[in-house]
Amino acid sequence: MLKLEKRPQPSRFWTWLTPLLAVLITMVAGGALFAALGKDPVEAIATIFWQPLFGEFAFYYRPQLLIKGAPLVLIAIGLSLGFRAGIWNIGAEGQYIVGALTGAGVGLAFYPAESWAIFPLMVLAGGLGGWAWAMIPAVLKLRFGTNEILVSLMLVYVAEQLLAAMALGLMKNPEGHGFPGSRNLRQYESAHNAELIAGTGMHWGVVAALIAVILAYILLSRHILGYHIRLMGQAPRAARFAGVRPARLVLFCLGASGALAGLAGLFEVAGPAGQVSIDFNVGYGFTAIIVAFLGRLHPVGILLAGLLMALTYIGGEIAQSNLGLPAAAIQLFQGMLLFFLLAVDVLTNYRIRMIRREVA
Amino acid sequence: MVFGSIDPTLLLASLMVAATPILFAALGELVVERAGVLNLGVEGMMITGAICGFAVAVNTGSPLVGFVAAAAGGAVLALLFALLTQYALANQVASGLALTLFGLGLSALLGQGYVGIKPPRTPKLDIPLLSDIPFFGRVLFSHDLMVYLGLALVVAVWAMLKYTRAGLILRAVGENHEAAHALGYKVVRIRVLAILFGGACAGLGGAYISLIRVPQWTEGMTAGAGWIALALVVFASWKAGRVLLGAWLFGGVTVLQLNLQAAGLAIPVEYLSMSPYLITILVLVIMARDKSRAPASLGRSFHASQ
């Protein structure tokens with residue numbers, strides 16, 4: 001009979017091995033799923049993980065890796081701070097949308113003026129928008145004790161409706177012949193989040209994501225605030241005695257994750273997406289939750305996990321057009337990854353022992 | 001006047017229908033949380049139930065079989081959650097989120113061939129005599145079987161928790177799992193059963209949306225109903241009777257805003273569609289003061305170390 005025995009401390013070995021193990025198991029289970037859908041499993045897995053990097057059209061797909069990875073990493077870095085402290089912001093999707101709306105709003109307000117200052121202002125507005133949207137669950141939690149999970153999630157649906165209202169109303173392109181959606185920011189020089197180096201996919205969002213990774217690393221490993229965040233998550237009672245003020249942590253963690261999600265939204269709307277449209281959001285805010293856990297809530301881990309998840313997005317699109325694999329199968333594939341990760345995570349905290357059942 | 005075009009009888013009758021999906025899901029989650037488990041995967045189980053019920057009902061032609069399949073689908077998904085949290089001792093919040101993400105993907109995949117199909121009609125059960133009563137007949141006694149089943153379930157859950165031995169054990173496990181374990185109750189087994197019940201209820205709620213309320217299949221059609229159900233449990237202070245009250249309140253808000261949309265109010269549709277979510281937040285704020293009712297072991301993993 002199998003028996004779990006709690007480890008005195010989480011195993012460092014398994015901490016880093018479990019994500020790899022989870023990815024492997026997901027590949028196997030995903031292969032089985034694709035086989036069940038009547039596709040060649042090996043070909044499907046190869047299409048998802050190999051084609052974007054080393055396939056025939058890799059020169060086109062590699063930049064996509066940065067474009068899709070940047071928002072995931074940006075959002076996941078923010079989420080990981082809160083998740084470490086036991087503060088669950090799961091409404092990043094909403095903060096992403098609102099950041100895009102406020103950022104694009106500033107840009108559209110200046111149209112057609114040209115100035116170098118417009119884009120920085122948009123970045124500021126995007127971050128502030130996401131921050132403000134995340135402050136709603138934070139303030140309600142501190143003032144009334146509401147659950148931040150439910151409030152932040154409800155605000156995603158509110159933000160989606162707000163997005164639709166903006167795309168159809170206030171921000172609609174006056175020269176768009178009545179079609180929904182705003183002016184295209186890519187055709188507006190001062191507001192365009194353009195590629196910094198042509199053909200690489202490198203835009204300001206990628207830069208911001210890298211800066212976020214570095215800052216988060218320093219914060220968590222070198223700064224007292226990062227120490228408080230970790231302490232709060234691992235031993236809330238000890239944290240209270242050590243003089244950690246939970247209210248400040250709630251404000252900081254929710255605020256930071258909201259601002260980063262807002263930035264991700266702004267960089268997306270001003271660059272790859274180009275305009276505010278009804279279907280602007282594609283679920284990065286939710287996928288980022290998987291990224292955060294897959295990266296073990298560690299900045300460097302999140303960077304790698306974000307790239308891997310971006311790979312499944314791109315590979316999924318290729319598999320969709322080449323093999324006719326349904327888009328939902330990829331979504332399911334990503335969901336499976338988190339499942340298996342949580343399942344194998346038991347090895348980090350527990351030792352599995354074989355014991356013989358004793359006769360009573 | 002816009003309100004003139006809204007018929008109060010119809011409004012109240014459709015309120016009962018709108019309340020039923022979240023009533024089922026919230027009752028299931030209520031039992032799960034009273035056993036000390038926080039399952040945030042309600043949305044995922046609901047949408048899985050919605051497509052399972054829909055697909056089976058279309059293929060067999062029987063809505064009733066569809067509902068059974070929906071309950072089974074929801075329970076199977078809940079079983080995954082139970083394995084993760086009760087045996088692999090994974091974090092319940094993360095596992096619940098995983099369940100929702102997984103369920104949304106799974107349902108989208110299963111539902112591919114079912115977009116744009118009409119499901120078989122679920123007959124209305126007009127209770128003889130009672131349904132002929134003016135006003136009340138239409139509002140209360142002229143619905144399909146599931147509405148009555150939902151109401152019966154409220155009573156059953158309430159009575160089970162309050163008066164039966166099983167209910168007492170369930171609550172003991174939820175309040176203090178160490179003590180329950182010391183008394184010899186199988187904490188994990190009881191929790192797994194509660195989680196399965198919660199999944200089946202969420203599945204029924206989801207199928208009610210796809211088979212009766214809408215009735216058709218579209219991706220992501222539960223649109224946050226599962227999360228509203230979770231909020232409802234908090235609103236109800238973990239009491240079955242107040243879940244019913246809450247479900248009617250949310251049903252009422254939903255129906256009213258839909259009616260206002262149809263009546264062509266000057267407010268854009270999008271802002272009206274926000275209202276159920278905003279009301280949910282408002283209710284959470286109002287109810288947050290009453291914290292004492294939450295089961296004491298809620299969300300904590302149990303591992304019996306010798």
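Glycine is no exception: its Cβ is also placed from the backbone N, Cα and C atoms.
According to TrEMBL, the features are:
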- B:12-32: transmembrane segment (TRANSMEM)
- B:37-58: transmembrane segment (TRANSMEM)
- B:64-84: transmembrane segment (TRANSMEM)
- B:96-115: transmembrane segment (TRANSMEM)
- B:135-161: transmembrane segment (TRANSMEM)
- B:192-214: transmembrane segment (TRANSMEM)
- B:220-238: transmembrane segment (TRANSMEM)
- B:245-265: transmembrane segment (TRANSMEM)
- B:271-288: transmembrane segment (TRANSMEM)
Paired segments the transmembrane segment (B:96-115) and the transmembrane segment (B:245-265) in contact, 3+ CB pairs under 8 A: no
The transmembrane segment (B:220-238) touching the transmembrane segment (B:37-58) per 3+ Cβ pairs under 8 Å rule: yes
Distant-in-sequence neighbours of the transmembrane segment (B:220-238), which means Cβ under 8 A and at least six residues beyond its ends: 21-22, 25-26, 29-30, 33-34, 40-47, 50, 100, 104, 108, 202, 205-206, 209-210, 214, 245-247, 250, 276-277, 280, 283-284, 287-288, 290, 293-295
